[in-house]
Amino acid sequence: MKFQFSSPSKIFLFSSVILILIFIGIKFELLEDTNSNRNDKFNNIINRFINYNIDDSIYKNKQQQQQFSNKIYSNEKKILLKNKIIDTTIKPSININNNNNNNNKLNNNNNNNNNNNNNNNNNNNNNNNNNNNNYYNSIEYYSSFVSRLLKSNDDDGIYYDDYQSKYKKNHYIVQFKDRINDETREQLKEFLIGTDITILKEQPFKSHIVHYIPHDSFLVFMTKEQSVLLSSKEWISWIGEHEPSNKIHLNYHEKSIGYPVYIILSGSTNSLIQRWENTLNSILTSYNSKVKLTLINQKKLKSIVYCNDESPSSSSSSSCSLIGSEKIVYKWISEQSESNYIERSEKLQTANRLSPTVIFGTKDKLVNNDRIDIPLRGKGQILSIADTGLDGSHCFFSDSKYPIPFNQVNENHRKVVTYITYHDNEDYVNGHGTHVCGSAAGTPEDSSWAISSFSGLATDAKIAFYDLSSGSSEPTPPEDYSQMYKPLYDAGARVHGDSWGSVSLQGYYGGYSDDAGGIDAFLYEYPEFSILRAAGNNELFASLLAQATAKNAITVGAEQTAHVNYVSDALEYYDFSDNANFQRPCLFDKKYCNYTTAKCCSEVSNVKGLQLCCPASIKQNASDSFTTQPQFYNENNMGSFSSKGPTHDGRLKPDIVAPGEYITSARSNGENSTDQCGDGSLPNANGLMSISGTSMATPLATAATTILRQYLVDGYFPTGESVEENKLLPTGSLLKALMINNAQLLNGTYFWSASSTNPSNAIFEQINGANLIQGWGALRMNNWLYVKSSNPTPPSRWIGIGGLGKNQKATEWKEDSLSSGLNKSYCFTYKPSSSSSGSGGGGGTPRIVATLVWTDPPSYSGAKFNLVNNLDLLLLNSDDDSIITIGNSGGSLQPAGKVAQPDTLNNVEGIIINPTKAMNYKFTIAGTNVPIGPQKFSFVFHGENGQFDWADSCPQCVDGVQFPCLITNGIGIQSCGSDLLWTKCIVQSCNEGYNYNSLKNTCDKFLSYNYIIIIVAGGTMVLIILLLMWIKYQEYKESKRDSFRRFDDGTGIFVRPKDKDAKVTPPDLYNLVSPFIIELTIATACSLVATAASILQPFYIGNIVNNIPTTKSIGEFKSDFIIIFILAFIEFLFTNVGSWISGIVNEKMVMRLQNKVFRALIAQDMGFFQRNNSALLMNVLIVDTPMLRSALTGILLSIATGVCKLVGSLVFIFTISWKLSLAFFAAVPILGLVTQIQSQFTKRLTRQLLFHNSKASQHGTESLTNMHVVTNYCKQEKEMVKYSDQLMNVFITARKLIITNTFAGTGKWLLIESLTFVILYFSAYLVIQKQFTVGLMISFSLYIGYVVDASSSLFGVYVSYIQCLASATRVFMILRSAPRKRTTLEEEEADRLAGLSGGGGGGGDNGDDKKDKQNIENGKDVLPSNIITPIDNVENSNGKQDDPNNNNNNIGNLDYSEQLDGVSTVADSTVGLTKRELKKQKEKEQKEYFKQTGISVAETPTFLPSSYTELTECRGEIEFKNVSFRYPTRPDVQVLHNINMKFEAGKCYGLVGPSGSGKSTTLELISKFYPLHGETGGKIYMDGIDIAKIRPNNLRSFVTNVHQHPFLFDATIGENIGYAIDNPTQEDIIEAAKLAYAHEFINDLPKKYDTQIGEAGNLSGGQKKRIAVARAICAKRKIMLLDEITAELDPESEEAITQSIKVLTQGHTVVMVAHKVAAVRDCDKIFVLEKGYLVEEGTHDELMANKGKYYRMFSEDKDDTPLQNNNNNKNNNNNNNNNEPSSSSTPPNDQPTPPPQEQQEQKNDQPPPPPPQEQQEQQEQQQQQQQEQQQQQQQQQQQQQQQQQQQQQQQQQQQQQQQQQNDQPPNDYDQVPPPPPLPSESPSPPTGNNDGQPLVQMDEENDEER
């Protein structure tokens, strides 16, 4: 029966859940509204922190220091956009008035704040008013929030109209009062998430932060309602709408008209874009133009405006005004709330034999292009390039084994791992992409070719290529650059080069475009990726390509190459026709306007001016210039064409320069697939060409970066050898920092023009070490890329990488990170060099170069400045922390005598100094402003011409100094430790709305309701789930040890079969509660909710106490009191619901469990009830079962509530003070030890208590049941004394249990009280020391109480579990011993293969299942020794012939001499023992006594066969064949010996013999009350079918057994008579009573048949016997077994019943046991038994004539009649003994069988209970004497028996021969005994043939066997 809720209950629970969810939601909103208050104290802390780091000793006076501080940490409230600078101190914030009086007050207060910043009192008043107004605004918002949730669907139309404008999302600029840090950013995010309501279908996207905008502002996409609520926050200073004019960045002029325009969105859908396009096209109808909108991704849209008669790809038309159309379109789009930035797409354009010698050279000399000077060439690295195409047939890229892998990855290709065909799969003639790839990594497959001298730089690296153009067109990359970079990244590339870009056509030179933002975004998401971009070839300042302005990319400019290149390769492979200029000759004379280069060259001798258009002349002039002016053409000069910086916001670009002039590399031959290299000889004009440009410099820098990455990844740094532990995975920022740090400013001349001078490059240094022309200088890798194998002398440069100092492993390196206000320092030492050689030594000027690089988040393209996170690099003297210099200072930007200006623009900062004396230096990186953090960074520095090393320590402070420190949402303090390092920042106070979290030492919202629910409920459920998983795992392990499956008998409770002595395990207990797991889960959930609600109450109580000193009115606590009340109500509600459900579960469980136990008892066979007392069994049913139920359900709920309360309280106490919490955990081991000791005593005493209770109950029941005997013998006083003794045992045991629990509880109480005192004392000390608040102390104390209570509950669970095991022991003994049926034949086979002994449990697997199975499949008869066949009568492994289906087998070591009270008797004899030994033995017995349960069951349970023969009708024929039997309680006494009898259908048979001869046992065997044991037990057949194969209930439906003692129920007489059949009629009952001659005395009773047995007084024995006979007659069974039914009847009744029996024999088989001859005189046959032997059989007359035992029993003169020799009697079945002779089973042959011993006789022929120990010993001695006598007699009889056997065999042979001759069966069934079986065979029962017919057929006439 499953647990079900009624309809009111469902409504009640559903309403409660809704109430809780609403409360949680409102609480979440309220907590979100309670934000940190950034007050003046917080700002003061920042200033003090800053002033400390910038020490007084830095500058001469305070004025300089203040100027510097103000410059760095300026809090100027201006929003810097490209189109506009917004001064938020002047421009008002958004209007949050909305006709609300309270909001008007808020605006007035805000104005007051702006106008009265110097008046502190007014500010405080205004802040208070603001807080009140914020409260009312919040209430108004949440009221509308709830009303919207409850609004019906019918109001959707009105709702949409009312709220469309209010909830339409738009872009707002939100400025913070203070610097943005991680916490304030997360606050804003949480606010947007918590207040976001998506109502409009066209705007399904969420509110979110779009971009950072300087200063201290975010561009936010949200609703107007959110902006109004956000403006009331204390931490917000200004909010304004993002005006449409600030979104547009377009110039409308002829050059740019018609080019695509990109619209950056904050969210979009296809339907939204379609709606835009339809609207715009309807507007443009009058302008004869259209617009095409294409969605690139969800945040980028491409727009093209075109005329109606042209396609979208056209640029202009005279038939329409595109300028006017574009202005209309983009003005309209800018007014749409989803757009945030609009910019024009720009026109894309593309922008080596000696180049490697330049890059890997030094400032003084070049190196050779070989493996000695350049040993590393990028092996194991993959670089990627996106360009116009790649000629795969060129020898630099072709592979003789593998083709080019197009759109797939194949790392087996020697050069190209993938070729992504975005446009096509080839390059055009003289293609740009082929040349670029050749410079980067191209090399022929045969390195011996001469052309290999022009190989690229990273010849061992492989290429991942992305094709950007089709044919000879300019490159066209995807609009979303991540679609280009991501496939290359996935192919394994980590360094990428782009030699192309776009040129702005609208005047924003060096502007930060959306393409640049896309590059920054990809690098920010994939920090290990590096992108190098060409600066451009526009030669002017601020002429960088748009993509080159990306902050995180490495922008590459072009320097000149080695001078030898100009006089050799350039003249050979450069096409000078590209330089032909026809404009100037045309201006001179119009006739030259149409000249060709050939015409120019033909007339150049006459007109020198034509040299300008003659390539040959141009080449000659160049050659002359190269030769005569080498100072203008060498590697120390910049390329004049290289684009220069800065960017639009003043950032320094390019970053580095590389050779880019006259670079000779691979030439493409277009579609021709022929290898243009030919035989690889030189010169090779088909395979090589020379080009100039930054496009040529970029692949060389890309290759150099790839080699640098190989250097780090392979572990060459810093030893110059590949070392495994030195392998480092670099980030892109680290590679960039290393490239820049080791770059070198070119110091050559710069070629302006022929008329100008050649100034030094030094005048262009805007900062120290860098300028706008060459950035940080040219790559010179040899200065530090040291490889020991090629150069054993270490370089003169010492290099340090931040985070890789002393004792730091390269394999564990990762970037450090900073948030706002934090810093990181690196210290090193410098000493002047004592020699000119050695590591770190040199003869030049000492020099220190440091570089800081970080990957900055992408910027908003419309911002005026594009740096988001600002870090600053400072160099300090570590001895006194005085600042020496700051990053990016010096140069022309810092005039002499002025204070160094901090860099707020670049994400690259450098410092270059020349140390003059030995000193400890400290580089400090400060997180000046990190709005999107934490910001990771890479720091690299090197020293040259001196001795450098990491410092042993890096001091950060002065010893003993304390200083306030910045913490999130609060204020802390830190001290300078003895190691001169700042200690951890300790929280001093938290801002409003935050609480101290001692676990993280921070101020968090960690203690909010939402987190508590998650931690407490979630954690508890996880623990419970883990517990259940552990139980199921244990159950799984148990199932692997046996082959049993758990079974259900209809009660819903499952029990796994085990041995009787097996321990009760948690899986066993879980099986009892599993049917109620749903109800218990609901009750547990209710308990969790109630416990969670109770846990929160101390927190709010503590808040009230904390706020009392600063509170003026009790009304301010209203919200806290309401919350406490709601929590208390929730606790009350769910506690009662949980108790109600658990109570119902308790009652249901005890009902089912008792039903289960009762079923197990009812299913037991008779042997079980002979061994166990019924009163004891009832005690288990009534006492143990409810105790087990209570413990089980109580344990589960206690675990749930205890864990819930413990986890939740621990969360609070740890967040309040983890130190105080340790005091509790110090007490846990003591509590656990006490509990463990208590549980051990409790387990033992509980078992004793249950046992003594059972004994007392048993004694009381027996005394009351046998009251006649007690009264008759006057033993009342004796029984009272015995019962008192039993109760005294109960009392003594209970007293011990009480004492144990009392002492344990007292110990726990003392420990808890001591713990509470210590905690209270220490917390009071902390309060006095101002380290703790009173409210926290009260909350902590309350939570400690919760923790202690929960701990005690959980420890009590363990004690309850131990008690549960004690009560479960006897219950499971009964449940496991219940007979049960196997469910499938497969299980029987599994049991057989597992080697189950006699069908019982236990494993007998020898691990050879495979062999066993093979034996079976091969049909072998011999099975392994451990395999027990399930067929009946097979000898068990214990040597005894036990029935596998019998619960009473003598299996294993079960001691059947145990007393019923469970006390094991010691087998050793007590004869000859001293008193001391007797005492010890008694103590030993006493110990064994308490180990017992009082219940005796078989070692293994009974397994019934999986299938039975079902009888639908019965003839009533019964046959005994070789039946022998022993009672399970007396296995040493054989009751029946080899009995052979046959009862034919429809006849009456009598069984007579002395008491104890086995008559009643025979009837019980027919009823299958006891199963036969093994092969020696013989067989009993009913209608030719072995009764072992018949289901017991099916068999008994045809058999009725009237016992010699009538058993009547406490019911009416009629109910007792009709008990055997269902729904008996009154006529059936009366008829049966008449036949039993009971009708007359029943009618004499007052109520006749309705008389209760108890109300009828004491019925006589005869009356009870007649009622029992009537019940048997009423059953109308085919076979009637009557046991002494006439024993207590008067002669008249006896005669009547005898006549009735004659009537019953008509159609029935009747077997009667009687001691009176009158009862059996008329039987068809009488069987005479004596001492378990069948001694005679025949009719009354025949037996009297034989004058045997029957005659002596019933004749008047017994002594005069001699006893016939039974061995010569043909009816004695013992003459034909089919079993082996046994001295104990064969009576003497020459004398009558001696009568049975009196002490073994039991009245009514029942097996006696075990005698007392002394009687048993006497009996054993007598039996031993008898056995000795029998052995002597046996020796005398052996010869005679052998002779008799020989005679019998001869007679049998003669009879068989005679039978064969006559072909007729014998006349008498019993005349011819069956032949003895072979030694290896067993007697086989009659079985059926394949057709289901009996093999033994009965002749209907003669009723004889064929």
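Glycine is treated like the rest: Cβ placed from N, Cα and C.
Keep in mind that what you see is a predicted model, and the values were worked out from it rather than measured.
Feature list (source: Swiss-Prot):
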- D387: active site, charge relay system (ACT_SITE)
- H432: active site, charge relay system (ACT_SITE)
- S695: active site, charge relay system (ACT_SITE)
- 1396-1405: compositional bias 'Gly residues' (COMPBIAS)
- 1407-1420: compositional bias 'Basic and acidic residues' (COMPBIAS)
- 1765-1779: compositional bias 'Low complexity' (COMPBIAS)
- 1814-1871: compositional bias 'Low complexity' (COMPBIAS)
- 1872-1886: compositional bias 'Pro residues' (COMPBIAS)
- 356-763: domain 'Peptidase S8' (DOMAIN)
- 1080-1363: domain 'ABC transmembrane type-1' (DOMAIN)
- 1518-1756: domain 'ABC transporter' (DOMAIN)
- 96-134: region 'Disordered' (REGION)
- 1385-1455: region 'Disordered' (REGION)
- 1757-1906: region 'Disordered' (REGION)
- 1011-1031: transmembrane segment (TRANSMEM)
- 1076-1096: transmembrane segment (TRANSMEM)
- 1121-1141: transmembrane segment (TRANSMEM)
- 1210-1230: transmembrane segment (TRANSMEM)
- 1309-1329: transmembrane segment (TRANSMEM)
- 1332-1352: transmembrane segment (TRANSMEM)
Rounded to the nearest Å - Cα separation of H432 (active site, charge relay system) and S695 (active site, charge relay system): 9
Cα separation, D387 (active site, charge relay system) to S695 (active site, charge relay system) (Å, whole number): 10
Rounded mean pLDDT for the residues that make up the domain 'Peptidase S8' (356-763): 88
Cβ neighbour count within 10 Å of D387 (active site, charge relay system): 28
Most Cβ neighbours inside 10 Å, all chains, among the active-site residues H432, S695: S695
Three-class DSSP secondary structure - D387 (active site, charge relay system): strand
